[in-house]
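Below you'll find the structure, written out as structure tokens, and then a few comments.
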């Protein structure tokens, strides 16, 4: 774009989040649905945190990481759902440019942190199932703190680079984001400056932050499955696999939706399906985490009965 063309453009000061492009008649229904999801998500994850902190029998590495995951899911949902609820309640779908960058920053940070945290949890289950005799010495309190802190810090450092690059792009044309929250590629698509480098860097960073954790998580569960299948008795196999089945369900839901949205080729015809799949890792995964861990975990049930 030449300088003269730039002068003839109006600098964008706010974006419009188009959401699901539903009619006004559905706003009330969607508001009630997402409000219910948000309340259950926050209540369920707070319940997990309180239960883990209050019950001494749950002061183990597995539940330490579960408490971190519950805290992360609270932040994750609170970064997206309240803004969406306001748009359905008042009909105002606008968000300031700085507000959009802020939402994207925390979304990306928490998303990367969850990738690493799920990997740490899979490593914890790998040690517990495949190396039970060495588990107490390997997964000690100091290592748990280091792995938990590394997951959070890595997420916030990784997305700082992308947020800085995207925030330095010029936005002077269309300001409608075809999504229900501020994500990188929909924002980059609206830029009126050359965004090829930023798009490439975004893809590379996203790949580096998601592919290695996915491969490590996959490898951990591969070893777990092989080890479990070698157990002679069916009862023993069932007992061993029950210790990691809950986490496996969460991992499948999370990575299935992430890979569907960010790995498949992007075409205009895929925008709506991508928004639908985005609901899984931004809204539904934080919702089902406390349900999965509380309903499918015997130790949590026993802790509840003792309360």
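The backbone N, Cα and C atoms fix where each Cβ goes, and this holds for glycine too.
Those TrEMBL annotations? Automatic predictions, nothing curated.
As recorded in TrEMBL, the features of this protein are as follows:
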- 29-54: transmembrane segment (TRANSMEM)
- 44-293: domain 'G-protein coupled receptors family 1 profile' (DOMAIN)
- 61-81: transmembrane segment (TRANSMEM)
- 101-123: transmembrane segment (TRANSMEM)
- 143-166: transmembrane segment (TRANSMEM)
- 204-228: transmembrane segment (TRANSMEM)
- 240-264: transmembrane segment (TRANSMEM)
- 276-295: transmembrane segment (TRANSMEM)
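Beyond the transmembrane segment (276-295), the same-chain residues lying 6 or more positions past its ends with a Cβ under 8 Å from any Cβ of the stretch are 34, 37, 40-41, 44-45, 47-48, 66, 69-70, 73-74, 76-77, 80-81, 107, 111, 179-181, 183, 246, 249-250, 253-254, 256-258, 260-261, 301, 304. Among the recorded stretches 61-81, 143-166, 204-228, the one sharing the largest number of Cβ pairs closer than 8 Å with the transmembrane segment (29-54) is 61-81. Listed by sequence, the residues of this chain that lie at least six past the ends of the transmembrane segment (204-228) yet keep a Cβ under 8 A from its Cβ atoms are 112, 115-116, 118-119, 122-123, 125-126, 129-130, 154-155, 158-159, 161-162, 184, 237, 240-241, 244, 248, 251, 255, 258-259, 262. Beyond the transmembrane segment (61-81), the same-chain residues lying 6 or more positions past its ends with a Cβ under 8 Å from any Cβ of the stretch are 34, 37-38, 41-42, 45-46, 48-49, 52-53, 103, 106-107, 110-111, 113-114, 117-118, 120-121, 124-125, 128, 139, 144, 147-148, 151-152, 180-181, 282-283, 285-287, 289-290, 293, 299.
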